[in-house]
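Okay, so here's the structure we're looking at.
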Amino acid sequence: MNYQRKTLKNGLKLVFVPMNNDIPLVAMGFYVGVGSRNEFGAYKNGISHFLEHMMFKRTTNKSSDELFSELDSTGANYNAITTTQNTCYFLSGNSNYIDKLLDIMLDIFLHPNFVSDDIERERKVIMEEMKIRADQPQSSMTYQIHEVYFKNTSLSQKVIGSIESIKNIDKNDLEKFYSTFYRPNNTIFIMAGNFDVFSVYDKIKSNLEKLTNNNFCTTSYLHEGPIIINNMKKQTKPKIYLNDCLSNKQSIVMITFPIYDLYNTYGMEIDVLSKILSGGFSSRLAKILREKTGLTYSQNSYPMVYMGAAIFVVQVSFGTNDILRGIKLVIQEIDKLKKNGPNGISDTEMIKSINMIKNGILHNFLDPINVISYFGSNNINNRNYQFDLNHQFDNLDHLSKEDVYQITKTILKYKKMNIFICGKTNGDIGDHILEQLYFD
């Protein structure tokens, strides 16, 4: 893959990924190293996300109607995402309109115009978005998981903010936040798809190299790592957290374990473990929970990864009367992995899991939007990131059963386990579940 990276004199990184195909599609976007974690203790919670909304409202050159009309006239797709650590703005469209799309993308990022009337209207929009998220059980459970594992740190607060904090964000807050964090040495511009680098480079360079880095001291959350790890180490017995979701026809169960700060070193092993448990219908959880017992339609396991800490999650949905039985079966499969040693993992499971991970990586390179997401997130989270697919695949191929077994023993400890349940539950089901489960 033709992957090119350049750094302007002001520190802004440019990433270009021309894709050799006949499909006239191009995607482009900005990644900024700021999210809700940067707000903690210094800025109003939710301002990163609020600013993301406002960037699409209008520029000093165009009203929102003009912006959206021009984008829609090309048939472009456009959106933005705020996470705990990053904010991304992107659009994709027919590469025949690349000049127009690039002009709009640069205008949105470089010339935002925060008008008071727009701010008040968008405040209401965000309040409605809050209601939508509150009605989604998985979102509510994820917030609760963060509150439990990341107490008194930046990861304990919501990306969208609270009702009170959103009510109090004003124009001055937005302008200060933009000038503080939207600076070149904290930003990456990325373009992927059917385009020629030489035809767009001069325009991009001339617009972005004008940006200067301010002298503001931005907030950092890197010091939180030891605090989070210490909180995780304090837990000495499993706990259950119940949430009554009376409108749900199923109960969502999330069985979680702390990964501490191990993902950065053992990420591949943890990803293989995840695939052994839930990768495809031949996985251990799919076999027992769906194919053999019919207890669930879907099951999944995955790591929630942040800078300095991570959590391993097993997520399953059960009928209310099957919660206890379902959790028991999940624990039984974890027991087998822990107690049967490296040889308890079959060659077939290792090969399948590694191939699934490789396939997932390769699928990132089919669609230009996925390409900018892959390279954007990797570059913004690791300023020294180097793309080497062969090296990545070679490392996967050299993983052993012993490697996966050792990380399994390390992170899947029942005394550190927290189970979150959202559904139609009675008050004593939590104690009943813990009484019924056997833990070593």
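Glycine residues also receive a Cβ, built from the backbone N, Cα and C atoms like all the rest.
As given in Swiss-Prot:
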{"type": "BINDING", "residues": "HIS49, HIS53, GLU129", "note": "Zn(2+) binding site"}
{"type": "ACT_SITE", "residues": "GLU52", "note": "active site, proton acceptor"}
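Of the listed recorded positions, namely GLU52, GLU129, the sparsest CB environment within 10 A is found at GLU129. In this view, HIS53 (Zn(2+) binding site) is surrounded by 19 other Cβ atoms within 10 Å of its Cβ, with every protein chain counted.
A 10 Å cutoff on Cβ-Cβ distances gives HIS49 (Zn(2+) binding site) a total of 25 other Cβ atoms nearby, all chains included. Taking the centroid of the Cβ atoms of HIS49, HIS53, GLU129 as the Zn(2+) site, the other same-chain residues with Cβ within 8 Å of it are GLY46, PHE50, GLU52, THR82, GLU122, VAL125, ILE126, ILE160. For the pair the residue listed as 'active site, proton acceptor' and GLU129 (Zn(2+) binding site), the C-alpha distance works out to 14 angstrom.
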